[in-house]
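Residues or ranges marked as compositional bias 'Low complexity' in TrEMBL: A:1-17. The feature compositional bias 'Basic and acidic residues' is assigned by TrEMBL to A:18-35. Annotated domain 'Exoribonuclease phosphorolytic' per TrEMBL: A:49-172, A:176-237, in sequence order. Residues or ranges marked as region 'Disordered' by TrEMBL: A:1-35.
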Amino acid sequence: MSAAAAASGTYTPAAEAGGKRREKREELRRHLAEDADWPRADGRSIHDCRPAFMQTGPTTAASGSAYAEFGKTKVIVSVFGPRESKKAMLYSDTGRLNCSVSYTTFATGIRGQGLENKEYSGMLHKALEGAVMLHTFPKTTVDVFALVLESGGSDLPIIISCASLALADAGIMMYDLVTSVSVSCLGKNVIIDPTSDEEAWQDGGLMVSYMPTRREITQLTLTGEWSDGKITNAVELCMDACGKLCEILRERLKDTAVLESE
Amino acid sequence: MVGLSEGEKHFIRGGIAQDLRADGRTRLQFRAVTVETGIIPQANGSARVRMGATEVIASVKAELGKPTILHPGKGKVSIYVDCSPTAAPMFEGRGSEELSAELSVALQRCLLGGKSGAGAAIDLSSLIVIEGKACWDLYIDGLVVSSDGNLLDALAAAIKVALSDTGIPKVNVSLNAETDGEPEFDISDEDFLQFDTSSVPVIVTLTKVGKHYIVDATSEEESQMSSAVSVSVNRLGQICGMTKRGGAGLDPSVIFDMISVAKHVSQRFISLLDSEIAAAEAADAE
């Protein structure tokens, strides 16, 4: 597991991210300072992400696969294909992306609670379809199957990041890697990479899926009540963290390539 | 879905670029909205909203239920959307499942607020009858009767109108010794409590076609979109939900720009809806 230990890294955003809006961020920081007297349960500060451990190739039968472990959240994603689309499907000159997210029954504290997140499959699809070059595999389908082994908060963003690593591992052509980070709004504080406890008490949540090299947001969801300035700051915080996470993904892909060439 | 020739596609895109759309509207202009309330007598509140050829119905039903153990001081609200095959043949069977689920999730995200209840359209603690024992469960159902684009905005508007039409019956609680201290409920048929619907947001969807974005897109225009951002804004101009649709990625600065445009447009839409609600209620009272 020495390689595994080396494979973990943090991707905490730099304080000076998004220099243009630094003033606004300073304002946010002042707000945070007023109400920053509660440490997070796992000892992180509010802008610290959990250490990200990611690895390619956990399943051998798949064209590509990836495993991600962020704190308690453990996700495995397999990519199969491209394979011929089902006969019943209409002809399409672009490829199809078939995404499915499932939870193990023991993933959550109360058994089977993960089944509530039915919308995740569709959201995974929306986050990835803008990044995959679908025109490179006409008439065929690529399957992306994600399984949440253990749910520990920020499940969907981790699934998205892990799926894009698996797609890259499978050699599916993509414009850019997609990484995703979520933040929770708790009182005056905006905390990054929330755990499930923090998510359960959040006033609002925001998730950004981002292609760092192309500087494009592929998916964005927001709940709860947010003031305008806070949204801008939170989105920039997420984008910066996404950029850092993307570096980790890239390192993992390079490691695999080196191992294969040896 | 929508069969368009190359010429028609070019016409739609060109019109949007020149700020004159196929039906004569400008980019940030809504279609005519008509509102009717109280159309379903069995429901506690209901509304029909028409925006051009798009027609949706929303109904609100209230039932007495039990609050969850985690939130003893809060009622429950659930939102579901159904797309009827009478609206379009592709909604038949399982065809509407994906769209229905997408619309339901988007509405839940925009109306129910965060997990702690902040930013929610309906104050859940106002639904409580006896803390930990009894509360009102609100079932909000949306039905797409006819579909010509911009379903999400129309559904959110219909829900807003339906909630303002909703009357929750007054409940008299009597503690009875014979039933082991279990409360007995006497639901009034005459006295109703009105909701405070001032914080119910509207949803404004900005559909990006080419370099520009438009509000209230028809299905022809939607077929040409690269992506769309739905922003829900309440009366105070606060944003309480956001979803992105469509595959193409968006530049962050475009998204920030869309948010500020949506905020501006939403205030116009809210006042338009308010006057329609007042007119519908006046028509009802006659």
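Just so it is clear, glycine is given a Cβ too, placed from its N, Cα and C backbone atoms.
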Within the domain 'Exoribonuclease phosphorolytic' (A:49-172), count helix residues (DSSP H, G, I), strand residues (E, B) and coil residues, in that order.
32 helix, 44 strand, 48 coil
Taking helix as H, G and I and strand as E and B in DSSP, count the residues of the domain 'Exoribonuclease phosphorolytic' (A:176-237) in helix, strand and coil.
15 helix, 31 strand, 16 coil
In the predicted model, what is the mean pLDDT computed over the domain 'Exoribonuclease phosphorolytic' (A:49-172)?
88
